[in-house]
């Protein structure tokens, strides 16, 4: 464009359409970015409307096509187990292994192969090198005492006529030290299904029942078992330890047989984690599904569909998925829902085939579910023991059945066991029908209700709209910064271009490198900030608040050091270059970095990128030096200043977290320590969100603040 | 040649792994076929192809899939030593059903109309835990023992059934559980009504395993019914443990060469005396609970996959010693260095790219140098789409080994789209490994009353063959394409091609220099009549001086505002029309 302007007498060369389109976009970037951003936010609000009903995609599953075979006989046996377990708990046996032995006894009576698996709790030590890989098992086992181990009991039914290549896993976590009624009931449900499956003829896949000892957390137990299943260690350390610890116990030959063999079945097709919630606030029996695994990975939608279908249509359970409860009585959401509902009615009047209106209550509920779905995916922390399976590409869900069972009501308990058992039986039968592994339905989706989902194709639009404005603005800023300077100079000195001037132009066109360097340095600082908590953790007995304060101070200190070391070239830049455009270049590079970071993150964990884009894109786009705005003294500029300050406030991760927490849970009792706790939980689970916050979000925020406070 | 169809898995722990039945009749699930050809080496593959096609036609099975060179393998030694003419192939996924059994029965002289084979009631056979039909053909040219020339056909059907009479009333207190009693009619639902007329001999054998006999002896000692009398020799009436409904014709007792342990007992029933009116229905009723275990192979072997993900994995074969073999070990202690030999024969398909250098051996939880353990090794690496990889190992473990493990890493390959089987998403099978313990021979010698007519069953039992066991079939999930994708791929490819050819043609057709000249001319003259007129008109309307259009960038906003107006008008008309058309 500059060249074409410089040679005026030359004819207008018609540029390529794609170039013209690019130039058009760049020249209208302000309008377009505003349109894109608002459209992004609007489509996010519209998402509950666009949700589709779930359907069972894989025909082979055939859920509910067979009558449940679970009868009262199995239930009465399961009741026996429940009773034994609870009485065991009342007696409070001295040896902790008693309950496992009881369960193993029950299992082997059914004719299943029983084995025990011993594991040691892993300390949640954060180590920078172990972020991506699970810590080496050899290092964990250094300082373990014999008393502190968990013992998983594993029972395997071999399918009588199957070829043993695949297996379905049932997991019932329970605390071996204190068995509550809920845990006993969940064991009862699993046992009733298990005892049925030992005698059915249709079984094609082996059944593994893992009774996970949740003494050290449910996830840890399941994870330990899976690690032994998939990555066993053959070196002798663990075995020797086990031998040593078990020297004092008496063992019969049979028990030894159980203990020394880690029994396996083939590739896992699916896993179900069964839990029974003790709380009985609901009027009817209900079932909560937890599906989010680490980094927002979800199991195949078909698995959730089967559970949903069987629970609703066969067993009459009420299905719940996690919701943001506080959103349910949100005023503006209701109003928005009503507006959308009336819009839907209007559209229906226009054309009866347009059916996008849903009732306002549904809308509010859908939004609440969607928000929690987004949040839990973004957090990257598995919502239950099923998360351990997803790390090994096994589809798994946690089913939490809650009921009004009290221990004295026998008939109610029987009914509950029967229904729960039949549900599990139906799911297992469906999965058993499956010849291939789950692949038909979606893996990338968000749930807006148990029977409604949003696929990638739909929710990508929101993110794409939000993000698409970034490169446009970056390009236009860059073009302006590079463009306007020469014209400005040309007016001053109108002599023909000399060699020195050309050198100046080339230098100017490389000017963005300084900005890029600055951005790079700040991103490096982000990485340093990420590593700091590791050292802060070493400080003994620290409250979360103090460690947070220490963290902030240390990061500011490191930032200052970095600027002190690397800051000298910037001062040189300030001196030599016209500073007017320096901030624009910086902003443009920042925006491009943010764009790249967001796009990368959307591949790893979409929900994080979505939430991050919501916070970051307006902040990046609005950033404008305060000085310039204050100088010009117009209403528009003042509104921009206000926007900038508000967005800068919200964009800072701790304040964003605290503000949202306050909005959703009430402002009383919030301290900065909460943020520290939250962050600690994120890195303990080695979630990619932690990396995102440190490497992308925080540096971008710093750079935006830098642009806002730019001295120009 | 040997062909076997199997459904279900042989449970080596429960059904034994050290007797002739288990080591010759336990087969991996699916189809297993091996054949030795006595033809020149270059014709072996062709005759193998012929054989597979013939068999697949005969047995209504997809044995013809074994014809492609990726599915069968040759090996040098190890299992079934031969001179180069041997081919071995398995189809683990082959479903075995009655359609395979019927041709097998056709080979019998009386089919399943008379004789013992009348027992073969299909539903009851296929309801069992394990079912394996085997066909063994030996041409006497190979077989040194055969005197007369000809082909010997040997058919064996191995079935593990669950007596279903007591199934429903299972009690869950194992201590007092009685073994389920059974009879032929309750197991098979049929009775034997006389022999097939063409058959020379037609016998039913009932074997009591060593462990069981020991258990019975103990029981007898406890009960003190017949004093120190031996179970078998004491006759049936004084047998405390169980009761047979039919008196056996003969009874054989195993000659146990090893030590003074009690030996197994074989009862023989000849069916010749039975007829339709007096059907043969052998039944066994337990009187006392006896707990016994079967003889097991020296090492219990299991194979499993390690690692997750679609890129790489590890095959691990683990051995754990079965405690029951103390007797054998003590027998071998006299030898100079006690070594337990195990041969492993493993075929891996080519898409499992095994790295044989990553073979690692752990003995009793300690990593061990391969040279210490592996005596002999033969590896033929796989060729992509050509041949599978074969690994033959001879391992020597110390006798006191408790557990051992072998790991082998592999990469998962990519297949071409038309090489995927119908259920590609299930994963791909790695055929079972064969594990042979050549030091241990399964042979049972029975004391015979009259050695004149040696029954084929007994001579079969006496044949010396190494203990053999098959490991599990493994399922490896490979990367699979989305098979509904071709449509999308076609669309995208077509679009890309259209764009490519369009721009290519555009570039080829254009002459840049000439265009510039034309553009210059037109700029000096007139751009066009109509737009010029229009712009002149608009300039007049606005009351401005007309100037020729300057640049596309200035006119673009002008045009776009007009365009937007037009679009709005059209949209309005459309909405209006839509509203009133209903």
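Every residue, even glycine, has its Cβ placed from backbone N, Cα and C.
The transmembrane segment annotation in TrEMBL covers A:31-51 (among others).
Residues annotated as transmembrane segment in TrEMBL: A:456-479 (among others). With a threshold of 8 Å between CB atoms, the same-chain residues lying at least 6 positions outside the transmembrane segment (A:456-479) that come near it are 22, 25-27, 29-30, 32-34, 36-37, 39-41, 43-44, 47, 50-51, 442, 444-446, 512, 584-585, 587-589, 591-592, 594-595, 598-599, 602, 606, 609-610, 613-614, 617, 620-621.
If you look at the transmembrane segment (A:519-536), the same-chain residues 6 or more away from its ends with a CB under 8 A from one of its CBs are 126-128, 542, 547, 550-551, 554-555, 558-559, 562, 566, 586, 589-590, 593, 679-680, 683, 690-691, 694-696, 698-699, 702-703, 706. Per TrEMBL, transmembrane segment is recorded for A:519-536 (among others).
Taken from TrEMBL, the feature transmembrane segment applies to A:548-574 (among others).
Residues or ranges marked as transmembrane segment by TrEMBL: A:594-621 (among others).
The annotation transmembrane segment is assigned in TrEMBL to A:641-664 (among others).
Summarising the annotation, TrEMBL assigns transmembrane segment to A:684-709 (among others). Beyond the ends of the transmembrane segment (A:684-709), by six or more residues, the same chain brings 124, 126, 130-132, 294-295, 378-382, 518-519, 522-523, 525-527, 529-530, 559, 583, 586-587, 590, 593-594, 597-598, 601, 604-605, 608-609, 612, 615-616, 619-620, 623-626, 644-645, 648, 651-653 to within a C-beta distance below 8 angstroms of the stretch.
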Sort out the residues at least 6 away from either end of the transmembrane segment (A:594-621), same chain, that have Cβ-Cβ distances under 8 Å to it, and list them. 33, 37, 40-41, 44, 295-296, 373-375, 377-378, 380, 444, 446, 456, 459-460, 462-463, 466-467, 469-471, 473-474, 587, 643, 647-648, 650-651, 656, 687-689, 692, 695-697, 700-701, 704
Cβ under 8 Å, sequence separation of at least 6 from the ends of the transmembrane segment (A:641-664): give me the contacting residues as numbers and ranges. 324, 326-327, 548, 615-616, 618-619, 622-624, 626, 629-630, 670, 672, 674-675, 678, 693, 697-698, 700-701, 704-705, 708
